[in-house]
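Feature list (source: TrEMBL):
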- A:ASP80, A:ASP82, A:ASP84: Mg(2+) binding site (BINDING)
- A:CYS81, A:CYS97, A:CYS104: Zn(2+) binding site (BINDING)
- A:33-105: domain 'Phosphoribosyl-AMP cyclohydrolase' (DOMAIN)
There are 2 protein chains.
Amino acid sequence: MSDVDAVIERATFDDAGLLPAIIQQWDTKEVLMLGYMNAEALRRTLTEGRVTFWSRSRQEFWRKGDTSGNVQYVKGAALDCDDDTLLVQVDQIGAACHTGARRCFDVDPLDPVIGDPVVGSPTT
Amino acid sequence: MSDVDAVIERATFDDAGLLPAIIQQWDTKEVLMLGYMNAEALRRTLTEGRVTFWSRSRQEFWRKGDTSGNVQYVKGAALDCDDDTLLVQVDQIGAACHTGARRCFDVDPLDPVIGDPVVGSPTT
């Protein structure tokens, strides 16, 4: 069994056959987006140097940047302790988000109550 | 409608009523873990200063640190462009992972083919 086959066997896909993949810029550590991979998308991501997702809405493979040029080059990857989430470090060219934002999380910042570890309880 | 109610209404939960939540250390930007929230867990996270998840395996709420002391204090939060993923910036006390590792992604690093943006194709 190849290393990649072993990873795919070890990974735990959900009932729809998908694994969530957190995409992080490798040097600045910004979290860029979350996508989903099936086994074949995971195989391509680990072997092709570019990130491939499975589109749940379109039910097809997609590689970030094929139409936009905003390519995600793979710099590293890890499964989590339960083997059910992937973290991919990438070099993201341009915007990661289809809105044109660098990060998909730039679009809708929230205003939560901030917790305070100094006093051990939330500040209000 | 309160701001929190508006966020919960805007958030897109999956067929199981869950939203994936990426947990990131606010200052170092390490990705610590991924958890899941239902609407009530999201409400608690946004209003209590500590991160609350819904456990899919135990079918119950859990707050990181209630048994381990490794509390996650909320420092910021954002929904993504599709409103179907949450990013929470936290101050993580101690280990985020139940294995004792700081990050759940420290446990199983992989060895992908590295993509090379300079030459525009994967290096092998």
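Cβ coordinates come from backbone N, Cα and C, glycine included.
TrEMBL annotations: computationally assigned, not manually curated.
Positions of the features from TrEMBL, shown on the structure.
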residue  : record              : DSSP (3 states)
A:ASP80  : Mg(2+) binding site : coil
A:CYS97  : Zn(2+) binding site : coil
A:CYS104 : Zn(2+) binding site : helix
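Within the set of binding-site residues (A:CYS81, A:CYS104), the lowest number of other Cβ atoms found within 10 Å of a Cβ is recorded at A:CYS81. Across the binding-site residues listed here (A:ASP80, A:ASP82, A:ASP84), the residue whose Cβ sits among the most other Cβ atoms within 10 Å is A:ASP80.
Model confidence over the domain 'Phosphoribosyl-AMP cyclohydrolase' (A:33-105) is summarised by a mean pLDDT of 96.
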